[in-house]
Amino acid sequence: MTLVTNRTLLDVAAGAAFGVGAFNVADLTMAQAVLDAARATDSPVIVETLAGSHPFGSDSVFWGLLLRLIDDYPEVPVALHLDHGPTVETCVRAISAGFTSVMIDGSLDASGLPASFESNVAVTRRVVEYAHDRGVSVEGELGTIGGSKDGSTRAEIVLADPAEAAAFVAATGVDALAVAVGTSHGAYKFSTPPSGSVLRLDLVASIAALVPSTHLVLHGSSSLPDELRARVNACGGAVPSSWGVADEEKVKAIGLGVRKVNQGMDHYLAFTAGVREALAADPGSVDPALYLAAGRESAQRLLEERMVLFGQAGRAPLYR
Ligand code: 13P
């Protein structure tokens, strides 16, 4: 078995009460780091990617390569997930390409402002009908997770409301729900250590109790470790200080009902640290094979640690 849906992957995780990391990839070597880490730790895993956010110039080229790569890991249960699909059309393209899960992000309107509940329901429902007819899982978003996927804008955080979450799930039939509980996307999150008043994990518990068959997703949950930022900055980077979501908070969230833990920036930082260190160690080198391999190995080390932390390590046999 290789490709499974998020519904299957997360149903098993819910039954055994563990979390599954969904790691953003922007390149094939990053995807290989995720899959190698999953293989090394015997983990199920979610590989996720944003449309257009890669160096290949064409989603269909990158997505085809991702699927071909996943074929090389028959022992790893993997869901291939579209992160933050902006439109129905983008989700349809991903489903046609072979993704087993898509996210339709109906939380913002075309101008980037919070969308109405009704328009979010309408667009999400269209994707659910199309995807479920084809055996593909769907994630929706309620409330607005702050920050931005690429750091260029900063959407306001609008927290998810438990009663609305229950109504949203009933009206759309989503398999997974991204809930805004105070996290934000990107490499710049909190300017002070997050406290209970910033990250509203109590909301996770309230929502989980109301939608027991829908898998909750924590977006924007990178930790932004000092150690990774220091490695990048020691080799010419200039990544400003910021606090992310502490490891203990992620473990607490899983205990309260979060099943899918989205992490992009930590993986990007670890990969970039490896690349920068390789280039700094040998300034005359111009061989991408060497520095990209260093990025992959650096990322894999971090990903293995996260798979152990989330409890997915050692769980692949549950899918066989
Ligand atoms: P980070 O920006 O914290 O890595 O979160 C990624 C994410 O939530 C992707 O949807």
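Every residue gets a Cβ built from N, Cα and C, even glycine.
Keep in mind that TrEMBL annotations are predicted by a computer and have not been checked by a curator.
Per TrEMBL, the features are as follows:
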ACT_SITE  D83  active site, proton donor
BINDING   H84, H185, H219  Zn(2+) 1 binding site
BINDING   D105, E141  Zn(2+) 2 binding site
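Of all Cβ atoms in the protein chains displayed, 26 besides its own lie within 10 Å of the Cβ of E141 (Zn(2+) 2 binding site). In the three-state DSSP classification, D105 (Zn(2+) 2 binding site) falls within coil.
Checking the binding-site residues D105, E141, H219 against ligand 1, the ones whose Cβ sits under 6 Å from it are H219.
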